Each structure stands twice: as C-alpha cells, then as structure tokens.
Amino acid sequence: MEATAKFDFMASGEDELSFRTGDILKILSNQEEWLKAELGSQEGYVPKNFIDIEFPEWFHEGLSRHQAENLLMGKDIGFFIIRASQSSPGDFSISVRHEDDVQHFKVMRDTKGNYFLWTEKFPSLNKLVDYYRTTSISKQKQVFLRDGTQDQGHRGNSLDRRSQGGPHPSGTVGEEIRPSVNRKLSDHLPLGPQQFHPHQQPSPQFTPGPQPPQQQRYLQHFHQDRRGGSLDINDGHCGLGSEVNATLMHRRHTDPVQLQAAGRVRWARALYDFEALEEDELGFRSGEVVEVLDSSNPSWWTGRLHNKLGLFPANYVAPMMR
C-alpha cells in the first residue's frame, strides 16, 4: 500500500521511521495506531494519524488462505484479494479467482524493494494491481484482475481513513492541526492511580509484532526472495490443473529443505529456462545441470555453471544427490 505523509515525523525509537511531509511511504503491515512502513531502504513504525492512506477493497491483510478461497469462490473470474502470506511473515500473497478454482501467488520482492509476480517489477502493490488489470496475470489463460471498483468509478473505499487520535479541523476551514503522537506501549512507564486524569485518553496498547528473521547474506547484498515463478508453494494446497502446478508437484516430492536433512544438495537439474536479469544471478536452460554451492536458503540457491557463479530460484531446479 502507498501512503502520503501529512506532517513531518522524527523517530524517537530504534524501531520507528522518520519522514517528511509529502513523502510517499510503502505500508508493509497495519498495526492499529502504528503502521510498519518503508521509505527508501529504511523500514520502521510510523504513527497512523501522521499519514493519509486508503486501504483498497482488495486488501485483506488478516485473511487466511482458506478464508480467501471461500470469499472468492462466489465471485466472478478475475476477482482477487491481497493478504499477508501465512508461510512467509512480512510478505504478501495474491489470491485470484480462476475459471475452476482460486489460485494463490506469492508476491516476491527484490533487493530494491520492488514487488513482482513474474519478471515485471513494480514499486508498490498498487502499481502491480494496476498492471494486471490490463495484462493477464495467468500465463496460460486470459485472467485480468478486477474488484468491482471499475464499475463504481473510484479506486476502493477508505477503511477508517482517520483514526480516532487523528487530526481534527481547526477554526479555519480546510486547515488541520498537527496531531500528537500516541506513543507505543513500550515508550510509557506504568501510570499509578493518582497520575491518571479522568479526561486523559490512555495510550494505545501497541507492541510491535515479532520481526521476521533476517536471511543469510548472499554475494554481499542478497537479503530476501527476489523474483521468478511466484506460486505461494508453502502457503497450502493448490488445486491440480493450474499453470504452476508442475513446480508445485515437483517440490512436494523433492523439497530442498527435506533433501538437506538427508545430505547437502551438490547438483541440480534445471526444470525450466531461467533468464538472469541481475548481475548476481545465474541463468540456465531447461535440462542443464548446475553445481550447487549453497542451498541453505529455501528460495534462492548459489550455483555455478559454465564457470559463472550466481543466484537462481530453487523451485526452477530438481536437486540431484550424486
């Protein structure tokens, strides 16, 4: 999600994010009065009443995979929602109504913070959704994203556009007063009975959730999943017959994590062509055998082919134990 800063905010805690009026923030999660956001290469928590944000109708962060399927099965082809990934905390999944079922795709992110499903990359989820409204999200069938907002003539409705602690109109029409910051619970000392004023609003009971573990660095700057086929393979069962089930079925029988328990993966055979779009990636053709140098990350491995070293997506290859 994208949000626009309405006021300057100076971070006072290590887990907070500073910004200036007019900055465009990338919202990563909704945490009541505080939101986790990204600006440039920095991440942190920001006060909700300092920013202007509209949550589209297709954004359902807390919905599970099963709930998404129940919701979308009663909709037309192309209806979708974006939700928090159950298998990868901090990431998103997109669930789309197809002809016979609901398909789930993991929204990938590269090292620059761009979002993508296939090879096209976008600076925000909003831009990704806009692109697949006119370009098929399916590689085998024509499936375009839709959520009913086209018929309404606007891009979704605001859900609680301003929190109760947000700015209120002043005596001048159209003027806003800079809001006070409702500090996080960890920023306050406990108040005794004699310290509480009957007209004073208590601080919101907010404590930042657990942070996803930082992944091992690869080639000095690799921190997270980057790109490639984006089926949410670890987020539950997907019906047979989908365009990405070849990868899914293969990983069910040759999951790299399971193979690592038996022994380190040293060689892998390419199942599909992979085109390297970044300098540190390793491209290959279907059928080629890649020497695996590091398979500790479940999503991207380090390998060598034709005397070239680089990263490649683990679900594009079949591990070989030899």
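Backbone N, Cα and C define each Cβ position, glycine as well.
Quick look at what Swiss-Prot annotates:
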| type | residues | note |
| --- | --- | --- |
| DOMAIN | 1-56 | domain 'SH3 1' |
| REGION | 143-216 | region 'Disordered' |
| COMPBIAS | 148-163 | compositional bias 'Basic and acidic residues' |
| MOD_RES | S186 | phosphoserine |
| COMPBIAS | 193-204 | compositional bias 'Low complexity' |
| MOD_RES | S230 | phosphoserine |
| DOMAIN | 263-322 | domain 'SH3 2' |
**Study point:** the domain 'SH3 1' (1-56): DSSP-derived helix, strand, coil residue counts
**Key:** 3 helix, 30 strand, 23 coil
Review point. Mean pLDDT, the domain 'SH3 2' (263-322)?
Key: 86
